[in-house]
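Visitor: Sharing the feature lines straight out of TrEMBL:
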ACT_SITE  H432  active site
ACT_SITE  D484  active site
ACT_SITE  E493  active site
DOMAIN    550-628  domain 'Carbohydrate binding'
SIGNAL    1-22  signal peptide
Amino acid sequence: MARGGGGMAAVLGLAMVLAAAAQVACVAAGHDYGKALSKSILYFEAQRSGRLPGSQRIAWRASSGLLDGKANGVDLVGGYYDAGDNVKFGLPMAFTVTMMSWSILEYGDQMAAAGELGHAVEAVKWGTDYFVKAHPEPNVLYGEVGPLVGFQVGDGDSDHDCWMRPEDMTTSRRAYRLDPQNPGSELAGETAAAMAAASLVFRRSNPGYANQLLQHSKQLFDFADTYRGRYDSSITVARRYYASSSGYGDELLWAAAWLYQATDDGRYLDYLANNADALGGTGWSINQFGWDVKYPGVQVLAAQMLLRGKAGAAGGQHADVLRRYKQKADLFACSCLGKGGSNSVQRTPGGMIYHQSWNNIQFVTSASFLLAAYSDHLAAAGQAAQCPSSGSAAPSELMAFAQSQVDYILGSNPRATSYMVGYGATYPRQAHHRGASIVSVKVNPAFVSCQAGYSSWYHRSGSNPNLLDGATVGGPDEYDNFADERDNYEQTEATTYNNAPLMGVLARLAAGHGGARPLAGVSVSATATAMESDNQTASPPSLLPHVSPVEITQNATASWTERGKAYHRYSVTVTNRSLKTVHELHVGIAKLTGKVWGVDKARYGYVFPSWLASLPAGKSAAFVYVQAAPPADVWVTGYKLL
């Protein structure tokens, strides 16, 4: 496997200087970020599927899944298991590779200073080698690979009914195929993004491979855009594990943004700008970023383009749209810091940002990376994030908050527990992970069946026999409580997409106050082009607010007293003030203590009933709620304009 290359050697001198600064910074902070970085990358070797190389460092693992794809007549050996199971889910795997690549592109020299760049690049290539296999034709992409149950090819149900080492797998393994008759724009778009981002990683060290990845990326983007459709409508069994709640608009924009970074081809910037309304890029104000919802990532990438003077030729014809993207990126940052008004992210008493009970840490690591990267780009441009009602947030505030979240993960929390396995004195010993929880096949090669795995290993007390070194588990609940129990999968299961963004921010923190320095061997090609002479960073820090086309008003329409308590009926009217039709409208409601009628709870807020799927220009819709309290906070979470 590639572990860097000659093109990366030029930065090692500077990297060694950064390493010295990192050591001082780590001691001052009380955490060894360099050690945590090494472990965060090492974890991916425990998740490998396929024939393991001689350089494999997780010694308790062995080769597995060597017949993957055979039932479909295609070689799909390789790739990553997503978490504690033995299934290769395409969407989270692609997001993992995108974020690993972005981490390297932002902080590759810091990784080199820590001696980990080669391992990080190798981790990316393990994923992209698999994607090349999974994309045998321009309009064909193989998605989920796993056990077969009846007619459900490649679903996770059989695997999740079985507790077995990956090396012992005997269940049938087949793959779902996406094609024009069975489209999957989220999966194809995310895989396009992953391969475009990875092509930048290999541009200097392995240009032939980089060009191969870029060709696959372009084809996958065209496939995703031409044959639009939700991937979980084609791979229906994915809905139980990785359902697409945000749709595919964010993945299409995400892929276009990465292709523009990788190619400097203006048609991808045109796509990002011209579809900003229709695909929700400038309509969504979501405060979480992950494998399902990419809007904050798109918005930060677009903001970086603006800050670097990459708004397009002819005087930056897309500057206005990129400013709208930047406003959303600013709002994401402000929301994380508690300066986003009603959109601010909830925090636990110990200070961790909190979204959900199941694997909340995925959002902690992804937000921390976005804040760190955005902080460095804002600082380089001499700008700050503009918050809706609290002035501005300096780049140093973003970085300090990102560091606080990483420190929480590493043990600076009310339980004094590290949520990275193998780091610190106290960390999870019973990670929910099949391979780690059963004796290594190298220690005892005797076959362990599905049921024997449950009876002899899953339910046993005590630590796992194998250390899942570097795995970042799901983490504590909203009150900072955590139970280190193998069957507590919501808290003790680790995933690849927890670690992928974490490796980037750890590299940044390991460098102390050095900031981001694009790595010579992997830097984005566009940063030295003639477009930079347009000097679009001249846009002032205080941007004029973009008026939302969706207006919300609410009024108390009735009041009464019942059992000594005053109740109020509130009516909320949502009006489309634009000249286009609003689709997929989501509203956020906070401080709601009573019942609500007229909207339904969804993954990212509340939505109107299916019979009111769109709101034409000038039209309104309404819902009501009753509570014995002042009015709730109601705001627009997201929408698309067509």
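In case you wondered, yes, glycine gets a Cβ from its N, Cα and C as well.
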Visitor: Expressed to the nearest Å, what is the distance separating E493 (active site) and D484 (active site) at their Cα atoms?
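Guide: About 10 Å separate the Cα atoms of these two residues.
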Visitor: Check the domain 'Carbohydrate binding' (550-628) for me and report the mean pLDDT.
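Guide: That stretch averages a pLDDT of 94.
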Visitor: Including all protein chains displayed, how many Cβ atoms other than that of E493 (active site) lie within 10 Å of its Cβ?
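Guide: The answer is 22.
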Visitor: Between the Cα atoms of D484 (active site) and H432 (active site), find the distance and write it as a whole number of Å.
Guide: 9
Visitor: Tell me which residues of the chain lie with their Cβ under 8 angstroms from that of H432 (active site), as long as they are six or more apart in sequence?
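Guide: The answer is G84, V473, R486, D487, N488, Y489, T492, E493.
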Visitor: Across the domain 'Carbohydrate binding' (550-628), what are the DSSP residue counts per state (helix, strand, coil)?
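Guide: Helix, strand and coil residues of the domain 'Carbohydrate binding' (550-628) number 3 helix, 53 strand, 23 coil.
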Visitor: Applying a 10 Å Cβ distance cut-off over all chains shown, what neighbour count does D484 (active site) have?
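Guide: Summing over all protein chains shown, D484 (active site) has 16 other Cβ atoms within 10 Å.
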